[in-house]
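Novice: If you scroll down you'll find the structure; I have some questions about it.
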Amino acid sequence: MYFNRRAKKIHTEGEQLVLTTLRLEASDLQDPGQGTTLSARLTDRFDKRPACSSGGYRKADDEMSGTTSQADPVDATARSVLLNGTQTTKFCDNHVSTTKYGVLTFLPRFLYEQIRRAANAFFLFIALMQQIPDVSPTGRYTTLVPLIFILTVAGIKEIIEDYKRHKADNTVNNKTTIVLRSGAWQTIIWKQVAVGDIVKVTNGQHLPADMVIVSSSEPQAMCYTETSNLDGETNLKIRQGLSLTATYQTLEDLIGLSGRLECEGPNRHLYDFTGTLRLENQNPAPLGPDQVLLRGAQLRNTQWVVGIIVYTGHDSKLMQNSTKAPLKRSNVERVTNMQILVLFCILLVMALISSVGAAIWNKQHTEESCWYLNRADDISTNFAYNLLTFIILYNNLIPISLLVTLEVVKFTQALFINWDMEMYYAETDTPAMARTSNLNEELGQVKYLFSDKTGTLTCNIMHFKKCTIAGLTYGHFPDLDCDRSMDDFSTLPASPNNSTEFDDPTLVQNIETHSTSPQICEFLTVMAVCHTVVPEREENGIIYQASSPDEGALVKGAKGLGFVFTARTPRSVIIEARGKEMSYELLNVLEFSSNRKRMSVVVRTPTGRLRLYCKGADNVIFERLTEASQYKELTMAHLEEFATEGLRTLCFAYVDLEEEAYQEWLKEYTIISTVLKDRAQKLEECYELLEKNLLLLGATAIEDRLQAGVPETIATLMKADIKIWVLTGDKQETAINIGYSCRLITHGMSLIIVNEDSLDATRAKLTAHCSSLGDSLGKENELALIIDGQTLKYALSFELRQAFLDLALSCKAVICCRVSPLQKSEIVDMVKKHVKAITLAIGDGANDVGMIQTAHVGVGISGNEGMQATNSSDYSIAQFCYLEKLLLVHGAWSYNRVTKCILYCFYKNVVLYIIEAGRVMQCWYFWLGLILVPAACLLKDFAWIATRRTVRKSLLEEVQELEARAVDPGAAVLRDASGRSLNERAHLLTRVFRKAPSTVGRSNSVQQTVSHGYAFSQEEHGVVSQSEMVRSYDTTRERPSL
Amino acid sequence: MMASSYTAKEEDGHITVSGPGALRSRKPENTAFKQQRLPAWQPILTAGTVLPAFFIIGLLFIPIGIGLFVTSNNIKEFEIDYTGVDASSPCYNCSQSFSWNSSRPCTCSIPFYLEQPYESNVYVYYGLSNFYQNHRRYVKSRDDSQLNGDPKSLMEPSKECEPYAFHENKPIAPCGAIANSMFNDTLELFYNDPNGTKVQILLNTTGIAWWTDKHVKFGNPGRNSPNLTAAFQGTTKPINWRRPVFDLDADEANNGFINEDFIVWMRTAALPTFRKLYRIINKKSGMVPTLPRGNYSLEVVYNYPVRSFEGRKRMILSTISWMGGKNPFLGIAYITVGSVCFFLGVVLLLIHHKCGNRNNNADISN
């Protein structure tokens, strides 16, 4: 049991004092699933920090790692790391190797890999048999030489690939970092980093190994990390060192550190860590996952951080999680293998029949009678030898050339993919790349597409795009309905439109003159004041460090409009409103949570008034508006507009507070904030008291920019009958929002949202939905299924798997949000196993690697910073929209051509080698025959095809004919589309035609559209609470540096 | 199991920023080949395009077929089986009394009647049935370099020849089972003149082998040495042969390995029933037919045993045309294919007429 193990571990570490409480907890909570909640609470206990772990939803990963740990044998032995001293035990070094072969191991390993392939084994067998004299009717080397050739080519390919891996490993191993060695900071390369080293990592650098934070440049040893390489979450995570060590900042302090760090052995759970720091002359302090920085993460928004290395090299969590890329085989290859097997059986049967025949012949034609043959003591009369002889004789039935030919064909196809100009992204100078060539034809048969959201569908750049203030909208309104016409299928815009910045002169004018000017000013003030962003002064301006990209975009937007957020002190926010510096005293931060869907600040304005600024989702804000609030309808209409465009909206409101009421509230708040039981919930209730009678100011619209051509591509792919599932680690609202903006979900669609937190509830919900679908279950409906990671955990359990799959397959679109990397690959695996269809996974981050490797075809988005998805993918493209050409053109062509090639190879071999015995006639006979035979053979095909074409023409054929006659096929296509069903390639040609959204009424069990594309990304219940974080900064002062 | 693969590049994505312009753009070239824009032609088979082709093929093939068939039919061929299986057959005795060691040759004479005169050159073939010259082991049992006159191979025949490589410690020339089983019947033709005289017909022994075989593939050891006997010194004759290889023909240019009968035999037949060219009767000058109508007799020196494997021996007389010997198959095939083409053309025409137009309109508008 998960938590029992933990309890024991802590016990062995001798934490007597804590142990008692822990035991108590353990006896309360027998549900192992809650183990992590427990552990979170534990850390809370230890640190005496305000608890914020209950309520809200935590990411399913934690639970997942909990469950996986049950399956894992408890093999990890605790390790003890000495600070500033030589380690007593030897740990794995920080050298990382991802190569397949060494110099010595290459040959045996490579040969083993090759011979494991059935065809190679067969040819080796034939080649060996041919070495027996008198058995082989063919030459000795007819099989051996081609086989050696094939193996050599494959070997060279492997060597090149492995060499690349070696080189890449070396680059990583030779990266430099700063380590405290022999009393001074020394720059050393990564592979020399050892357990127990004190390492300093500066902003923007990647962490060389897993380490425990000692101190950082930020207050209270905080630091931000970007862990998208590990889990794909894009918002920055705050990690915090122990307050015990936070003061160890200077070199002398660090040299003076002595003691021991105990922690569990290396394991693969990204979200778990237990350890104890025993500094000399200090009480032992517990360490949890919040104190750990993992290899693969990047330090952000933090000048520097100092940490003690605990896991290095292959012990690090990142490496523990890495899996060998599985060998993927395409469907065609599988079928080909089957056919080869069938051919082998035919061959055996043929050989058997032939040798029986030979035996009979030998019996009839005895040695005495056939005096001219002289077969005395000849092996040709031996049945077994004859069998071998015939196998060798007929071995050409299994085409050895097929393998080579296929390799060459596929390699060329891969080259064509690499060479495709239309899949070249000029901005990052990235052409498409086929990293494996053996899946080309698979691309043409994709039926299910699993896509990541961030970085794949979106650019992961937020922009303040529009706003509505006091009933007036500002910002650009680009033409929405600019569908690409048929002929520009290939010419995708090379770069997305550049109107990224909010730019509307009317707003600037209106600030000055318009009647709504005060509201506008207030609105912009809220934008500049109500947030958790930390400003950082650089030589040329201010850099905003936001853990939530939305907030960053808003603050930046306000800055652009003359409301510059300049500095933050623990008690105030300083802004420069149109050149005038104003200081807002920050009294309270009413934190954001996904339950509340809003965040507020209580400030004292420079004029001395008490005011509450609030921003949040439209529905929660509108609920709390006063009757007197204006512009409700107008704003609502504008929000609707924004949402249709797929923008992320936030409503802004304010209320002036009465001094006495506030003081009263403050008292209550102070009491509640020290309550131990259900504090978070009580706090929320407390916040509620203040957030009422709001006055609406307006709303902002932030664009989570989609990559160029994403909606069009999705529409095309959906028309090609490819089902698209979006699997994202992001929040539900964001995911739905993106679903709308990329037109995966249309407004005519009903959403089925499944958010449950127990197996039974999930079961009930799934069954209810399934039964309400009735007959249409299993068919495609105008439905979108939205499910979150927590529920998915239950839905993917063996028991509910089928029900979930039934429901998911009945929906036109499926969006899974807050899923862990593991779940991503589980979903893909489930579809792969239960639906006999080709799956494709596309993603850009390390969190997508699992599904990329699991799916039949994995596509990585390249050109961005992280290359991990690209490196494990089969194809890499720079933009999502290139998928269209990759699948519908290259895939379809490859499939067509490869299958033709395979069939031809079989045909050729059968014809060539079975008819081999027949001798070519001489002179005229031969030449006349040469004309006759093909004519006679083609006759049937020609007649059949011509007849079919005349009698019943398919659309494709019709288009071909028209094209041949240089007539525009558009008319035929259009007319046809109205009536007949189109085949896949015809779909391609009918892009101009759009299906009208069906308006099928849905049963009431299906939830209707939720709030208007509200979205807000913010780390919740993190190690440092939002208000605490805000309070800890004073950007008017210099930060400590080393 | 969480699968997040670790690869080296991931951590240095932003470090490897190359200087502007330092790297060549990785933009693919815009060539017709790389962008798959090369001109291609894919025949679109519709009734319209196929119809003329069918008619043309039909109209071309039928005359060719008829021509071939007629030519083949005009070839005269006469075949006589002289194995001597029946007791009534003149060669019955010879076939019965065969023994490998008999020194006295057995002869028999078979009379036959030619109903038509044979004009132009007449080719004399011997035919064997149920003789597996295509046996895998048999086919290989020869030494081509020995036959080419290589002195080293002459004395040390290849292992493929076993067990006909050495006899009594002497190398066999020519070695191998093929050579050993060489056809050694002697066939002679006599014309029985109506006036009672028996005229021997002159049979040409040369010109029956392929030129390349005779001049390239086969050659006597010590090509230039006048004395063939000396060249074959130290070798022994194949076991079944009566005479050594250097004593096959009196003519020096047709002796030894380049004896044409030998060369013809060494070109193994693909099927167990085969015929090999034996002699050529050259056309006589003037209007006299090469073989006039009348009675003939075939004199056989019966040496070759075929009864043990139930084989048959035949003598064939045949004239040839520009397309070779008699074979009506190709003509029939051409006629058949041509007719089928023509027929299909007609059928397609009907289909095209009935469905084509209706299809074009109705199909689109429905």
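Cβ atoms here come from the backbone N, Cα and C positions, even for glycine.
Got these off TrEMBL a minute ago, pasting:
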- A:D452: active site, 4-aspartylphosphate intermediate (ACT_SITE)
- A:D452, A:K453, A:T454, A:E551, A:F592, A:K615, A:R648, A:T728, A:G729, A:D730, A:R818, A:K824, A:N847, A:D848: ATP binding site (BINDING)
- A:D452, A:T454, A:D844, A:D848: Mg(2+) binding site (BINDING)
- A:87-144: domain 'P-type ATPase N-terminal' (DOMAIN)
- A:174-234: domain 'P-type ATPase A' (DOMAIN)
- A:871-916: domain 'P-type ATPase C-terminal' (DOMAIN)
- A:52-71: region 'Disordered' (REGION)
- A:340-361: transmembrane segment (TRANSMEM)
- A:924-946: transmembrane segment (TRANSMEM)
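Could you tell me the structural context for the features on the list?
Specialist: Cβ neighbours within 10 Å of A:D452 (active site, 4-aspartylphosphate intermediate), excluding its own Cβ and spanning all shown chains: 28.
For A:R648 (ATP binding site), the Cβ neighbour count at a 10 Å cut-off comes to 26, with all displayed protein chains included.
Same-chain neighbours of the transmembrane segment (A:340-361): 118-119, 122, 380, 383, 386-387, 389-391, 393-395, 397-398, 402, 906, counting only residues six or more beyond its ends whose CB sits under 8 Å from a CB of the stretch.
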Novice: If you run the three-state DSSP split on A:D848 (Mg(2+) binding site), which class comes out?
Specialist: helix
Novice: Which sequence positions outside the transmembrane segment (A:924-946), separated from its termini by at least 6 residues, show Cβ-Cβ distances below 8 Å to it?
Specialist: none
Novice: Which of the binding-site residues A:F592, A:G729, A:N847 have a Cβ lying under 8 Å from any Cβ of chain B?
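Specialist: Of A:F592, A:G729, A:N847, the entries that lie near chain B are A:N847.
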Novice: For A:F592 (ATP binding site), identify the closest of the recorded positions A:D452, A:D844, A:D848, judging by Cα separation.
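Specialist: Of all the candidates listed, A:D452 is nearest in space.
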Novice: Return the maximum Cα to Cα distance in Å (whole number) over the record's ATP-binding residues: A:D452, A:K453, A:T454, A:E551, A:F592, A:K615, A:R648, A:T728, A:G729, A:D730, A:R818, A:K824, A:N847, A:D848.
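Specialist: Max Cα-Cα spread across the ATP binders: 33 Å.
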Novice: With DSSP, how much of the domain 'P-type ATPase A' (A:174-234) is helix, how much strand and how much coil, in residues?
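Specialist: The domain 'P-type ATPase A' (A:174-234) comes out at 6 helix, 30 strand, 25 coil.
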Novice: Determine the minimum-neighbour residue: among A:D844, A:D848, listed as binding-site residues, which Cβ has the fewest other Cβ atoms within 10 angstroms?
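Specialist: Least crowded of the binding-site residues A:D844, A:D848, by Cβ count within 10 Å, is A:D844.
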Novice: Helix, strand or coil at A:R648 (ATP binding site), per DSSP?
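Specialist: SS state of A:R648 (ATP binding site) = strand.
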Novice: Looking at the binding-site residues A:R648, A:G729, A:R818, which ones sit with their CA no more than 10 Å from the CA of A:D844 (Mg(2+) binding site)?
Specialist: none
Novice: What is the one among the binding-site residues A:T454, A:N847 whose Cβ has the most other Cβ atoms less than or equal to 10 Å away?
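Specialist: Per the Cβ count, the most surrounded site is A:N847.
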Novice: Check the Cα-Cα distances from A:D848 (Mg(2+) binding site) to the recorded positions A:D452, A:R648, A:G729, A:R818 and tell me which is shortest.
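Specialist: So, spelling it out, the nearest of the recorded positions is A:D452.
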Novice: In angstrom units, rounded to an integer, how far apart are the Cα atoms of A:R648 (ATP binding site) and A:D452 (active site, 4-aspartylphosphate intermediate)?
Specialist: 18
